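Pulled from TrEMBL, these are the features on record:
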ACT_SITE  D214  active site, proton donor/acceptor
ACT_SITE  H301  active site, proton acceptor
BINDING   N67, E102, D214, N216, D300, H301  Mg(2+) binding site
COMPBIAS  43-54  compositional bias 'Basic and acidic residues'
DOMAIN    86-280  domain 'Endonuclease/exonuclease/phosphatase'
REGION    1-59  region 'Disordered'
SITE      N216  site 'Transition state stabilizer'
SITE      D275  site 'Important for catalytic activity'
SITE      H301  site 'Interaction with DNA substrate'
Amino acid sequence: MHAECRGGAARLSTSPRPEDPAPVCGSGPALPPRGPQGGARGLRNEERGRERMARRGKTHLRLASLNMRGAGGDGLGGVGEKWMRINQILRENQIAVLAVQEAHLSNDRAATLNTLFGEYMSVFPSAYPENETGACGVAFAINRRILKNANCQPTEIIPGRVLMLDLNWPEEQPLRIVNVYGPNVARENAALWDTLRTDRLGAGNRQVDVLLGDFNIVDDPIDRLPARQDSACAVDALRGLVDELRVRDGWREQNPNTKSFTYLHAANGSQSRLDRIYTHMVPGREVDDWDIKEPGLDSDHKMVTASLYDNRAPFVGKGRWVMLKHLLTDDQLVGEMKRLAAAMATEMEALTVRTEERNPQTIYAAFKSDLIRAVRTRAKEKIPRMQKQIEALRADLQATLNPPAVAHANAGGEAEAESQREHHAAVLQDRLLRLERKCFESARRTVAVKQRLYQETMTKQWTRSAGTTTMAVLCA
């Protein structure tokens, strides 16, 4: 099964423009009418400008993998309500390509999604033949805000289990991404990796650049809590595939001794890092920004992310610091600004002798430094309470999973301490997931309110969404 999709914004009409009417004023020479040659030249210039804009791509490409644990209840157009939230995940996290497992998405429902979201998101599914909307299934969700003109070619390797995506990034360089969802049964899990290694992805096939998904297996005991070794046959099969493809687990390489998990088993509190991203290194490309975070969806898995960087692109720094616009209406900060400005004016008026250390320029520079410090302090104070709680829980979770080494009097004391940490980590993870879902839904409600307020009014909120007629319905 092979498909092709070319995304892109709507093109401007290239129909000839009518000739300009003759001038009615007699003063001055009459301008020549705009003939076919002049119009064609103008249109060619417009085409060149659009081509330059199309070539001006991103210097990095953010990838992610998420097991969404089913599509949820029926939403708009019969599509699972969780799928209606995938677009928000792409937008808020600036993800270009999202690999989804347990997608429960048929081709018909994917077509409905592509119609609803238009130029904002494209979805390529691979459904499980035995139960298309009720079991397994993998898919790719493409953020068309970032990959607007990308030529994406999905290829189904194993229906419902393995889906491959080919695209060009950057520009004409091929990039191959493989999304996998491993079976729970160890024997079937091992058979999948062996099949991919010998028949589908191994020798004789083009190099895989990124292998990501829910592997349902770990190859190191540190990736489970409590620590244990997985089935030897499945581990050996996965390692054989990884070696054959010459890919590596970048997150583990950057965090060799850190414990962090992507899956929480609610029944017993055990955790594991089942979701991973393996990458193949090529000259001119780097992988960084490895992260594990809560998606905001109702899922027992976290989302894993990483970014591909093009080293040949011009270096782009972080830019200058700017003040957040909403702070301009903060009464407390405005009062502090006035106080600092008044103090600066008073100091300048009292200045009688100019020196290298004390003059209007140094006084003004000190005022700017004090003002920036005050703005940053106030910005930290105005962080939403929910976000502060999330950050505190994340810090507490990492401290619980990775405590400093402490000597215990006996093995029993160490086992008891490990059991307590396991229970505490499960409680913290559950709280964190709940808060992230609450924050996610709050952001969704904010977008819905703006759509209702500004729909069909001359505001930037409406003009930005004017390209897709269904956006107001999606946020309802």
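Each residue, glycine too, has its Cβ placed from N, Cα and C.
Taking the C-alpha positions, the distance from D214 (active site, proton donor/acceptor) to D275 (site 'Important for catalytic activity') comes to 4 Å. When the Cα atoms are compared, D275 (site 'Important for catalytic activity') and E102 (Mg(2+) binding site) turn out to be 13 Å apart.
Close to the residue listed as 'active site, proton acceptor', meaning Cα to Cα within 10 A, are the following binding-site residues out of N67, E102, N216: N67. In sequence order, V100, Q101, E102, Y181, D214, Y263, L274, D275, S299, D300, H301 are the residues near N67 (Mg(2+) binding site), counting only same-chain partners six or more apart with C-beta under 8 A. Annotation for N216 (Mg(2+) binding site): same-chain Cβ neighbours under 8 Å, separated by at least 6 residues, are Y181, G182, P183, N184, N189, L274.
Excluding N67, E102, D214, N216, D300, H301, which define the Mg(2+) site, the same chain contributes M68, R69, Q101, Y181, Y263, L274, D275, S299 within 8 Å (Cβ to the Cβ centroid), listed in sequence order. For the recorded positions D275, D300, the ranking by surrounding Cβ atoms (within 10 Å, all protein chains) places D275 first.
Secondary structure at N216 (Mg(2+) binding site), as computed by DSSP, is coil.
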